[in-house]
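**Student:** What follows is a single structure, and I will ask about it in a moment.
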Amino acid sequence: MRRCPHTFCEPVWRYRQQLLSPLPAIRAWLFDNGSLTRRLQHACDGEFRVEVVAQEWQRPLLNERRRLALPARRLALVRQVYLYCDDVPCVFARTIMPRQTLSGAERHLAVLGNRPLGALLFADPRMHREPLEFTRLQSGERLFAEAVQRLASPPPAIWGRRSVFYLAAKPLLVNEIFLPGIEKL
Ligand SMILES: C=C(O[C@@H]1C=C(C(=O)O)C=C[C@H]1O)C(=O)O
């Protein structure tokens, strides 16, 4: 595993067929193409909830800009949430929404609050999702630091995935980082 000398390291994303073994115990969660919200709601015996930790207009990370083909100085609405089962944070999600995506019928994505994004995405029959990409985030990386901010004792590395969703042919990039709490579900 490469070392990341500073917080500006960008994740290296790989498609499933490029991943090396051994695959993680959470691979059923990682590789599930359905709604993560719905899977968590079914797996959680307690109370499932979404908690928004930040939502603001900012320049996406370099790897995010490249994946969405956004110009260098273009801002996007960045939504960061935790998906909880009771008081355990199970997933950290960071969604990048370009300005042109938040137009027309999709403008309500900017005012979701604590409603799960997935409920809207998977309810839309026209929704298209591109293939999942995967990465192993480690201490020192910016996305790792964002994801573990609510963890009392972060692990040395965590698995993440991302995919681009299209609603009415307009893209949004969803990063989902799997936290140790999910292994208890
Ligand atoms: C994309 C989904 O939505 C989930 C909920 C999110 C949110 O509310 O911001 C973000 C990513 C996902 O973990 C899903 O349910 O699969």
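Yeah, the Cβs are placed from backbone N, Cα and C, and that goes for glycine too.
Note: TrEMBL annotation is automatic and uncurated.
Bear in mind that the values here come from a model prediction, so they are computed numbers and not experimental data.
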**Student:** With Leu117, Glu176 listed by TrEMBL as binding substrate, identify the candidate in Arg79, Arg142, Arg150 belonging to that site.
**Tutor:** Arg79
**Student:** In Å, how large is the greatest distance between any two Cα atoms among Arg79, Leu117, Glu176, the listed binders of substrate?
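**Tutor:** Spelled out: the longest distance between any two Cα atoms in Arg79, Leu117, Glu176 is 12 Å.
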**Student:** Counting only residues 6+ away in sequence within the same chain, which have a CB under 8 Å from the CB of Leu117 (substrate binding site)?
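**Tutor:** Listed in sequence order: Thr37, Arg79, Val81, Ala93, Thr95, Leu109, Val174.
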**Student:** For substrate, what surrounds Arg79, Leu117, Glu176 with a Cβ no more than 8 Å from their Cβ centroid?
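**Tutor:** Leaving out the recorded residues gives Val81, Ala93, Arg94, Thr95, Gly118, Val174, Asn175.
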**Student:** Counting across all protein chains shown, how many other Cβ atoms sit within 10 Å of the Cβ of Arg79 (substrate binding site)?
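**Tutor:** Within a 10 Å radius of the Cβ of Arg79 (substrate binding site) lie 21 other Cβ atoms.
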**Student:** In sequence order, which residues at least six apart in the same chain have a CB under 8 Å from the CB of Glu176 (substrate binding site)?
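**Tutor:** Listed in sequence order, they are Leu36, Val91, Phe92, Ala93, Gly160, Arg161, Arg162.
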